[in-house]
Every structure is written in C-alpha cells, then in structure tokens.
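As annotated by Swiss-Prot, active site, proton acceptor applies to Lys38, Tyr266. For Arg137, Met314, the entry in Swiss-Prot reads substrate binding site, with the evidence type sequence analysis. What Swiss-Prot records for Lys38 is N6-(pyridoxal phosphate)lysine.
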Amino acid sequence: MPRCPSPSHAIIDLSAIAANLAVVRKRAGDRKVLFAVKADAYGHGAVEVSRYVEKHRYADWLAVATVAEGQELVEAGITLPILKLSPADPWDMDAAITSGIRLTVVDFDTLEAVSKAAVRLGITAKIHIAVDSGMGRIGLRPECLAELTAAADRAKGVEVEGVFTHLPISDVPEGAEFTRREIDTFMTAVSLIETHRGPFPLVHLANSGAILGHDLGKTSMVRAGIVGYGYDPNPHADRADLHPALSWISHVTFVKTVSVGDTIGYGRTWTASETTKIATVPVGYADGLSRGLSNKGHVLIRGSVHPIVGRICMDQFMVDLGPDSNVTVGDEVVLIGTQEDETLTADDMAELLGTISYEITCAISKRVDRYWVGQ
C-alpha cells in the first residue's frame, strides 16, 4: 500500500548547502573542511546531505555525535572519514572501531579503553584528543595535553590522528578577546608538543563562529556546523552570503469565521476582539513546532504574515487570517521559508523562544517528510 505523505514537509535545498560551504572553503584556505552532520544533519537529513557533500567534494570530513549516527553513514556507503565528537563510550567502542569511525579521547581512562578494544579487535583505532581550553565540557586542560599525547603515542592499537578544542563564545563580538586568548593557549600547547614530537596530522578548533570571525592560525582543519545550513551562529549578524537550506511547508485544512468573544484552543488563551476568520493547519508540537510559539509565532499564507493564535496542539495549530481573508482550504502555509516577498527563518522562531536556530531545525521531527532539491 502506498504511504501517504505527511501533513507538512521540509524541503532541503542542497545547492544552498553548497553555497554555504563555498563560503567556508574560502575562509578555510588550504585547510580541510569538516562538516557536522550530527542530529540528522541538524534536521536536514544526514545520509542525503552527506552523499551530496561527498559527491561534490564540498567537505573532506564529517562529524557525528553518536556511533549510531556514524554507522548509518557508513552503511549508506559514505566513505569520507567520520569523527565522533563526543567522548568514546565503552559500550559502543567496538562498533566504532570496526566501522572505522574516529574516536574522541578525553582522558587517560578513555585512552586505555580504546587501546584495549583496538588490540582485542586487531584493528588500529584512530583518535582525536580533546582539549578543554575554556568550554568546560570535555577534555583535559591544555597543560595536560603533552602527557596524554605521549601516552597515546605509546599505546598499542592507537593512532593519534588529531587534536582539537572547542570555542564557547566565538560567535559574538564581546567574546573576541576571550576567544583569542583561548586559541593562543591551545596553539601554544600544541606547538610545544610538536617541536619534539612532530606535527599532529590534524589540528582543529574553528567552529562556525570562528570560521566566520576569527584568525584560524596554524590549524589544518575547520569544523563547519550551522554555517553550512545557512545560519550565522550570531543571529544578529548580517550575512547575505549565507542561505538557509531548509523550508517547512504545510497547508490549510479548515477555515471558519468566529465572532467577538469566541475563544480558540486549549485553555481558551486567545479571544477574538473582532469578527475574523481562523485557519487550522495540521502541524503541532509532535512535528517539532514548539508549544512556546502559542500566541507568539507567525506563518505565511498567500504572501502575508499571519499570527498563530491559541495554544499549539500536538498535531494542529490555528491562525488568525483577519476578517477579509480569502484564504481557502488547501492553501500553502510556510512555517520556515519564503512565500512571495515575505520570509520567515529559523532565527525568527528562535528569537521568539529565546533559543537558537540549531534547536529549531533539529527539533523538526521524523514525522515531517523531507525532500531534497538542487542536486
């Protein structure tokens, strides 16, 4: 039996991703480009995006957060090297090593566990050592890097392929001085080791914010995340050279007229102040539309911006069309994207919710069909 399409769908413009990664390539110079495709490529579809990026050589590496994410890519035939950015876990270490996924080593215990697993499997595990230069999340401090690197060089079954850190405030102007000091501290630690050890094959620290706004120094790879999907990590930056790749589209399923005093939705949180028309749209928080946008968010219908009214339900929400609307059942509804001369972005949603564009696109659920264009 043919599968019915979902009530809403996301359209991913792969040519936009290509254009965004061209911006990254230009900033990276001769450095390698790692493209983060974790969280299903930030909601854009990891397998399809990775295939496209590999086919056209828009990136040299891919990054994931879990071994399962990496395995999905390997099983789909992706051959680009894949780095698991989060710490190597004992329970999926064997699967990672067998699949050729590069592992992140954060301390001596992790190193020992990777070494034992690699020796037992008879496979060399390639690792990247994480340094905590200010993020406070994973890795040892820069002053411990030399000792951990020496231990890794001695460990059986392990090949040190890279060393990296992560910059927590590279995306805003007020973080420039801290980021500069952080980069200097990390690179000094790396340089001291390389003077007697020899160079690390890969040294990387630049996330999207650093790629767009900082000196990349003597690094050999950059890590593009949200920038590849068309958003600056600083939502207040004016980046005309970035193109959001994802649009989210639905349609009107019902239109009715309400009178003054009529209420809409659970909790009766919205009351009509005039006779107006209300449209129902078959998208809800189960699809990834945050309930926090109730009585806050907006959509595009027939080229005009209309407010979401009442509480967003699990599977539906309502829109105030105004008293003179000629919107009908079946009309296109744009949640993210462009319609005629109007555009709504993930940044617009994020600002209303006090969050970031990353969370908006990652939250769009599997219930929403994806379609890829621009190949």
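Backbone N, Cα and C define each Cβ position, glycine as well.
Put plainly, the recorded positions Lys38, Arg137 were compared by Cβ crowding within 10 Å, and the winner is Lys38.
In this structure, Met314 (substrate binding site) belongs to neither helix nor strand by DSSP; it is coil.
In this structure, the CA atom of Met314 (substrate binding site) is 11 Å away from the CA atom of Tyr266 (active site, proton acceptor). A C-beta separation below 8 Å, combined with a sequence spacing of at least six in one chain, links Tyr266 (active site, proton acceptor) to Gly310, Arg311, Cys313.
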